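Reviewing the structure listed below.
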Amino acid sequence: ETSIKIFNEFAQESYWPVLTHTLAVVIVGGCIFGGIKWIEKANMLLVPMLLGILIFTFGWSLTRKYSEVGIAFLFTPNWGSMFTPTLWVAAASQNAFDTGAAMALFISYSSYFNRKNGAVRLGTMIPLCNNMVSLFCALTIFSTVFSTL
């Protein structure tokens, strides 16, 4: 009942859906017609904005009641499954897919290589940053879900 009311207020009684949709269409149109330069400009704006939203929601989720129950659930291991090879193959595959190694995105990363940022540096920094963001997302999701139960 409450969630339906909140959705109706957002979707029917405000201009936010039209405004955000128009903004998205303008950004995508700029990327299509402006080419690589617009894509780079859009990413320079949107990626830090996404990270800011993630940090904000992470902090907000930790202040919710029962969020610690979700965090405890997230970090409670099932020791029996730690010795199954399929778990390790699935974890390595997930990490490769997340970092883009599975889709050969390291080829595009290699265009940024120079003496400072070589294969070893980017090959460690990209997975580390990816896993850190994934951990923040997991903490945010589990804290929020358990706070609503």
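Using the three backbone atoms N, Cα and C, a Cβ is placed for every residue, glycine included.
What TrEMBL lists as transmembrane segment is 15-36, 43-62, 82-107, 128-146. The Na(+) binding site feature in TrEMBL is assigned to ASN130.
Counting Cβ pairs under 8 Å to the transmembrane segment (128-146), the stretch among 15-36, 43-62, 82-107 with the most such contacts is 43-62. Counting every protein chain shown, the Cβ of the residue listed as 'Na(+) binding site' has 14 other Cβ atoms within 10 Å.
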